[in-house]
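A.B. asks: The following feature annotations were taken from TrEMBL:
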- C98: active site, nucleophile (ACT_SITE)
- H192: active site (ACT_SITE)
- E194: active site (ACT_SITE)
- S245, G246, G247, V248, D249, S250, S251: ATP binding site (BINDING)
- 218-410: domain 'GMPS ATP-PPase' (DOMAIN)
Amino acid sequence: MPERALPHKRWNMTQTSHDRLLIIDFGSQVTQLIARRLRELNVYCEIHPYQKVTDDSLKAFDPKAIIFSGGPDSVMREGSPRPPKAAYEMGVPILGICYGQQVMMHDLGGRVEAGEHATAEFGRAYVTPTDKQADFLNGWFMDASGREQVWMSHGDHVAEIAPGFEVYGTSPGAPFAITADLARNFYAVQFHPEVHHTPNGATLYENFVKLAGFKGDWTMGAYREEMIAKIREQVGDKKVICALSGGVDSSVTGILLHEAIGDQLTCVFVDHGLLRLNEAEQVVAMFRDNYNLNLIHADESDLFLGELEGVSDPETKRKIIGKLFIDVFQKYADQIEGAEFLAQGTLYPDVIESVSFSGGPSVTIKSHHNVGGLPEKMGLKLVEPLRELFKDEVRTLGHELGLPASFIGRHPFPGPGLAIRCPGEITREKLEILRKADAVYIDQIRKHGLYDEIWQAFAAILPMRTVGVMGDGRTYDFAVALRAVTSVDGMTADYYPFTHEFLGETSTRIINEVKGVNRVFYDCTSKPPGTIELE
Ligand code: XMP
């Protein structure tokens, strides 16, 4: 089942032996992207909200370099965010981005002005070099235009740079677009090098970490070894239970734990009767046959489908499934004598969300189904070996651990399963039809070589029957909706532009091959305004 973050830190991240970079978060919407760019360079970094960074915590973290993120505030506002003074005195390179640049200039003796006089810039801009050279700009300004496209998003701007700094790049709205004090290894830019719209931005991060002396030793091979040692140290000879869903996060968690502690681990696979065609058998076979791990296949479909009978409200469905999941998991876990730990596949974005002052949606659109709450309820301690990783790092780790590529590349599947793809009442008949239609649809997508281009695709069964004609007879059968989206993180999504030929062929196949369906719709709603799932 999907795992979510708990708001406390379990791993002592300060024990890692890698070079470490600290990103002080001033609340930018894109701070996570800075971390992404750095991880791509095999640099270990953590994002800490500025409120939590003190002189002491800085020293304890012992960064080899520091980055100040952007942020929405104005340095001229009293009480606006600041890094601790110690940051400037540690003798490590610092890179300030947008608000981070302004805060550096302000703190070090320069001047920032409010964004009047048409100097605010939002969106694409072009930076041209000055006559000064800096290794920080290696690989920049190389093409014939002699300029670089960057992404600006600032109201205020630097009006006077701090002593020791010089200007290395300018844009129409930001005369101090790129500034540096080479003697102190302080760099400060007004734009956002981490976003897509600064196409050559990654080069600046690469130059910065090179100048700071990073070895680029953060690899998933090394991570695997270190994490195995850490798990052994944390768990000792105690027993661990893990809820396995067959999704990438819980699978990698389970396999890593199994490598570390073998038979001390028991995985529980809760089959709620809302899985796809043959899914339960495939998941169980994969883990038992390939990994030989202790696996309890908890077939509780009668219980779940019984409780869901007659329920059509989406939130009620989710709540029933979430609660039953916890009850069932607990029932099986209780049978494992002496279990002291629960393994969860919490990822780094969940951890950031749980501490960031800017993060997290304020309105509950859907209550996500998860195992959060279980450890407290059961008095278990947590093992979360993926807490430091982004999703693509988890996939790489999965490869390292020998998970088949077909498993690693699978589209996301929600915890409540087919329940939220069956609007209205859930019946066994509808689930049966839905499973078959979904299998044909996914088969079509694979046959056309589109599976990896699409972020998520699935069929849903609509709560209505419509009239059709097949052969010479009237039909009155269910309608199926097909959904396919592209997305980066599931937060926003575009519907996938299939060709008419593909849609026609798929519709024909579904109606011919799946008894009980006589009509197929394609859902061309993006998110927002739609959500990806139908409920
Ligand atoms: P929505 O439908 O909210 O979905 O646009 C965004 C992504 O989240 C998945 N999803 C869930 N995943 N538990 C999960 O682990 C849930 O309760 C849940 N609901 C939706 C959905 O499949 C999509 O990938």
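Even glycines carry a Cβ here, placed using N, Cα and C.
Help me picture these features in the structure, burial and contacts included.
C.D. replies: In this structure, C98 (active site, nucleophile) belongs to neither helix nor strand by DSSP; it is coil. If you draw a 10 Å sphere around the CB of C98 (active site, nucleophile), it holds 27 other CB atoms from the protein chains shown.
Around H192 (active site), taking its Cβ as the centre, 24 other Cβ atoms fall within 10 Å, counting all chains. In the three-state DSSP classification, H192 (active site) falls within coil.
Less than 8 angstroms from the CB of E194 (active site) sit V30, L33, I34, R36, R37, I97, G201, Y205, each of them six or more residues away in the same chain.
S245 (ATP binding site) carries neither a helix nor a strand DSSP state and counts as coil. Cβ-based neighbour count (10 Å, all protein chains) for S245 (ATP binding site) stands at 24.
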A.B. asks: Out of G247, V248, S251, which of these binding-site residues is nearest C98 (active site, nucleophile) by C-alpha distance?
C.D. replies: V248
A.B. asks: Pop the Cα-Cα gap between H192 (active site) and S251 (ATP binding site) into the table, whole Å please.
C.D. replies: 35
A.B. asks: For the binding-site residues listed here (S250, S251), tell me which residue's CB has the most neighbouring CB atoms inside 10 Å.
C.D. replies: S251
A.B. asks: Tell me, how many other CB atoms lie within 10 A of the CB of D249 (ATP binding site), whichever protein chain they belong to?
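C.D. replies: Around D249 (ATP binding site), other Cβ atoms within 10 Å: 23.
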A.B. asks: Round to a whole number and give the Cα-to-Cα distance in Å for the pair H192 (active site) and V248 (ATP binding site).
C.D. replies: 31
